[in-house]
């Protein structure tokens, strides 16, 4: 719904401003020079202002976390909880919306640029040609002191040199070139391939947004789009006077029309979001200066390390994430990591899989590449920003949940399951959550080792409390070789699983999601079931489709509510 409203506003602004420049008498003579390209340039400009106003808001992480908490507090005390969940789920799609707005900005930039290429060509051509036409007469206005110009191009340089002169000497042209190049670099470096393989390229080029916004604000200061003044319109009616343009200024004829430029408007659209984003960055800087102590570094299998840390005043909820900077590796780069500790623990932790230059540098900086024991004082300094809210915070708002993790994507659910374990150890009577279906998909057997201890603890705890049905977990191994398969078959009849040491056996292949959803729907009729995923987009599409297709139209029936982690 929110995306439809946003699209509707874009369509409305485009149409409204197209008519505003294509119909009124104020721009009658400007249209004689530029034709419909005038309106086709101004309509996307209005949409650009609107979307540039929105583009920074989804990445104001502290603002979103504040809104998330405020909405949770307000709605939970005054209206049904489902309303709170729906609103907060919209906030969880912040990065998706950020990308949509970025593509909309790219679209309107292309339309705006192409239209202005025609405008510049026709303005230069009209100024150069010496003919007794309305366009030529209009272009000569402003050559005399008592006249004001409508054609912004005042030189007599023919195309294509005249067009290049406008592009690189006029304020509007130069800033237009700069912000367009900045936008191209930002968008092309934001593709999934670049983000995954060359994160530093994505990180640094994304900060060209500073140049983009500076250029955007001053882009219209040159006032090259000009219209007839109100005073002139009172004595010079364009629809009448244009026929006798050669008589303008003579006695008994129409007076010479006077023109003025449109004042710059972009700053009015973006000054608010820019101020909020500045406050956001100041908060991040303040947080990054607070001392963080690494209390423990644990090396897990599958190229994964665990950092346990402490920070004064740090408070977290399940499933939240933080941004981490290690100055010893890079003084500027911040990377997001899900918190794998529980709120009940006296430290907070993250699990880092070694997959790139930055994580490799962190691995070495923590001394994990050495065999001997690393002294605590030798560990690198760490800066932490956060924690920030995610969809997983809402796990305890449901009675029944499906948790789906793929590979290292299991990390947010480590926090959830740890918190459940602590609650059961102390008092589970106030726990709304009654049933967890946990699915973990992994390609390599070693990936299970660091997480198996937690599952064993939970398995034992539930059995001791005669509530073994509380947690149903299914671990899927999606990749194995022939020797592993033979080993699995030989030990299949043993009481505990040969890979995880759990009583629940590891499954091989991938889940049949349609069967899983239908089975859960039958066991929980009339329930709202939360589906939480931290994994790839392909799996997200599958789970989202299954959530929709297995939800009943009857409000009293079963409903699957899909949630995905976004960083």
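Any Cβ shown, glycine's included, is placed from N, Cα and C.
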Give the range, chosen from 81-99, 100-118, 119-137, that TrEMBL lists as transmembrane segment.
100-118
From the ranges 5-21, 22-38, pick the one that TrEMBL records as transmembrane segment.
5-21
Of 201-222, 223-244, which span is tagged transmembrane segment by TrEMBL?
201-222
Given ranges 164-189, 268-293, the stretch to which TrEMBL attaches the annotation transmembrane segment:
164-189
Looking only at residues six or more beyond either end of the transmembrane segment (201-222), which have a C-beta under 8 A from one in the stretch?
48, 52, 56, 152, 170-172, 175-176, 178-179, 182-183, 185-186, 189-190, 194-195, 261-267, 270, 274, 332-333
